[in-house]
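Q: Got a structure for you, written out below as structure tokens; questions coming shortly.
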């Protein structure tokens, strides 16, 4: 039953869908895009280990806190690749430095021993991702007549990140109020997170599909 619940969890299914799309994409000459395959493999491995290994499950906030370093690093590399101007890349390094300071502060306070989404680092990462997503969109608008955003793999990657980190920030700012809503077998927060993860990984799967088409 535990295996079934894990495998058919909306988040797990969404991640598996994106991972399969990344596997298919990686069969071609996709260059650095192959890094998505490794990132998603690490993501699935971490969540599987946390689910099945009692010690890791008991300390899941610490595990996810450590994994946040991988996430922040990988997403920063994505924006470094997608942003074209020197000034935006300089801002990216500055933003990353601020995040690192916030993360160190959370670690020093032991924040990850009792929470994850409510930590300053997680909120800071959300602001960081949303800000540079908007900078990327501004960059797209400047070249609106030259490219079709819907056919740009980078557009779908950034859109997935934007929705995920913007909405989760709002959800967990309102978490206490949401927890007071009637529970009918599946809590409203779980439903929202499931839908959000499908949007997030659905955008990524779309990006991988376009990348595969472009490399034929």
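Residue numbering: from 1, along the chain as shown.
Cβ atoms here come from the backbone N, Cα and C positions, even for glycine.
Remember, TrEMBL labels are computer predictions, not curated facts.
Here's the feature list from TrEMBL:
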- 36-55: transmembrane segment (TRANSMEM)
- 61-83: transmembrane segment (TRANSMEM)
- 90-105: transmembrane segment (TRANSMEM)
- 125-141: transmembrane segment (TRANSMEM)
- 153-174: transmembrane segment (TRANSMEM)
- 186-210: transmembrane segment (TRANSMEM)
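Can you tell me where each of these features sits in the structure?
A: Using a Cβ-Cβ cut-off under 8 Å and counting only residues 6 or more beyond its ends in the same chain, the transmembrane segment (90-105) has close neighbours at 68-69, 72, 76, 79-80, 83, 120-121, 124-125, 128, 131-132, 135.
Remote same-chain partners of the transmembrane segment (125-141), defined as residues 6 or more beyond its termini with a Cβ less than 8 Å from a stretch Cβ, comprise 68, 71-72, 75, 79, 82-85, 88, 91-92, 95-96, 98-99, 147, 149, 152, 154-155, 158-159, 161-162, 164-166, 168-169.
Outside the transmembrane segment (153-174) by six or more residues, the chain places 33, 75, 78-79, 81-82, 117-118, 122-123, 125-127, 129-130, 133-134, 136-137, 140, 189, 192-193, 196-197, 199-204, 206-208, 210-211, 214 with a CB less than 8 A from a CB of the stretch.
Taking Cβ pairs closer than 8 Å, the transmembrane segment (186-210) reaches residues 9-11, 13-15, 17-18, 21-22, 24-25, 33, 36, 151-157, 159-161, 163-164, 167-168, 171, 175, 178-179 in its own chain, all 6 or more past its ends.
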